[in-house]
Every structure is written in structure tokens, then in C-alpha cells.
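Here's what Swiss-Prot has on this protein:
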- 17-51: zinc finger (ZN_FING)
- C23, C27, C39, C42: Zn(2+) 1 binding site (BINDING)
- 62-99: region 'Disordered' (REGION)
- 75-90: compositional bias 'Basic and acidic residues' (COMPBIAS)
- 96-142: zinc finger (ZN_FING)
- C102, C105, C123, H126: Zn(2+) 2 binding site (BINDING)
- C116, C118, H132, C134: Zn(2+) 3 binding site (BINDING)
Amino acid sequence: MAQESWKNESEETVHTPEAPILCVNNCGFFGSSMTNNMCSKCYRDFVKVTTMAAPVVEKKAFTPASSSKTPLEPAKPDEVPAAAVEDKQAAQEPPKPPSNRCLSCRKKVGLTGFQCRCGGTFCSTHRYTEAHDCTFDYKKAGRDQIAKQNPVVIAEKINKI
């Protein structure tokens, strides 16, 4: 009797493993139920295709901020914004190639040239402001930088009692 109860318990607890499932795409590899019966490579390709095919697009409806009916004045065609004129002039001028010669002695500097704040490129002997008569005002630039970094704080006057 003990053997019969032991036999019934073992039959209930023993589960036969499922046979491996081949990939749905018939690539020869085994698939998984977690990946829709596809192998890892086919599933990765499937996810790529589905995300590319249906990109998420959010359409925002335009709603006016105020419902007031104020008439708008049409722009005059004769007036052209100043920014547009400057853009046209900048587009007409071709960009200058970077200078690879010293502005003082015209010596070729190549990649070893020093850029100055005045806008020029100089060799190792003319890189200092005294050597090339620099037009940039370093003192004023320093004062402006300090003034910008340390704003003036004015305290309120104290009322005497």
C-alpha cells in the first residue's frame, strides 16, 4: 500500500518538460513563449521593424490663448526687418579661410599659431600684446568681467526713529 501511495504522489509531482519550440520564422533556432515563439535574433528584428513602422506622433491641437477679437494690422510690404537685410549681406560675403601666417612678420605658423583677442594669428615671437601692438583693451575687458561677476548691491536707507 505504501508503494501505491508513493507511486500516486510521484505521478502528480513529476511534470514532463515541454519539447523545445522551433522559431516561428523557421530560422533553425529555438523560440520562447516570452518572445512570441521566436528566437532572440528574429524577435530583435521584429521589435525593430514594429518600432520603425509605427513611430509615436503626438498632434497638438492649436487653441488660441485669448478669445478677444482684436483686429491685427497687416504688415507693410515696403518695410523689411533689419535682421533680414544683415542676413542677406552675410550670405553674399564668402567666409574667409583661417589665416596661417603671422600678421606682423608674415611667417607661416600653421597649427602652432597663437590666436589673439584682437582677432589676429601670430607666431611665437609676436604673440604678446607688446610685440604686435594689440588693439584689444585688456584692462577694460577685465573691468567689465569683474563688474559682470560682482553686481553692485545698494542697501536701502535706514530710517531713524
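Using N, Cα and C of the backbone, Cβ positions are placed for all residues, glycine too.
Within the set of binding-site residues C116, C118, C134, the entry lying nearest in space to C39 (Zn(2+) 1 binding site) is C116 (CA atoms). According to DSSP, the zinc finger (17-51) comprises 15 helix, 6 strand, 14 coil.
Surrounding the centroid of the Cβ atoms of C23, C27, C39, C42, where the record places Zn(2+) 1, the chain contributes additional residues within 8 Å, namely V24, N25, N26, G28, F29, G31, M38, S40, K41, Y43. The Zn(2+) 2 site, placed at the center of the C-beta atoms of C102, C105, C123, H126, has further neighbours from the same chain whose C-beta lies within 8 angstroms: R101, L103, S104, R106, K107, V109, F122, S124, T125, R127, H132.
For the zinc finger (96-142), the number of residues in each DSSP class (helix H, G, I; strand E, B; coil) is 8 helix, 6 strand, 33 coil. H132 (Zn(2+) 3 binding site) sits 76 Å from C23 (Zn(2+) 1 binding site), taking the CA atoms of both as reference points.
The Cβ of C116 (Zn(2+) 3 binding site) has 18 neighbouring Cβ atoms from other residues within 10 Å, across all protein chains displayed. What surrounds the Zn(2+) 3 site, by Cβ distance within 8 Å of the Cβ centroid and not counting C116, C118, H132, C134, is the set L103, R117, G119, G120, F122, T129, D133, T135, F136 from the same chain. C116 (Zn(2+) 3 binding site) and C42 (Zn(2+) 1 binding site) are 59 Å apart (CA-CA, integer value). The number of other Cβ atoms within 10 Å of the Cβ belonging to C105 (Zn(2+) 2 binding site), over all protein chains shown, comes to 13.
Within 10 Å of C134 (Zn(2+) 3 binding site), judged by CA to CA distance, lies none of the binding-site residues C23, C27, C102, C123. Taking the Cβ of C27 (Zn(2+) 1 binding site) as centre and 10 Å as the limit, one finds 13 other Cβ atoms among all the protein chains shown.
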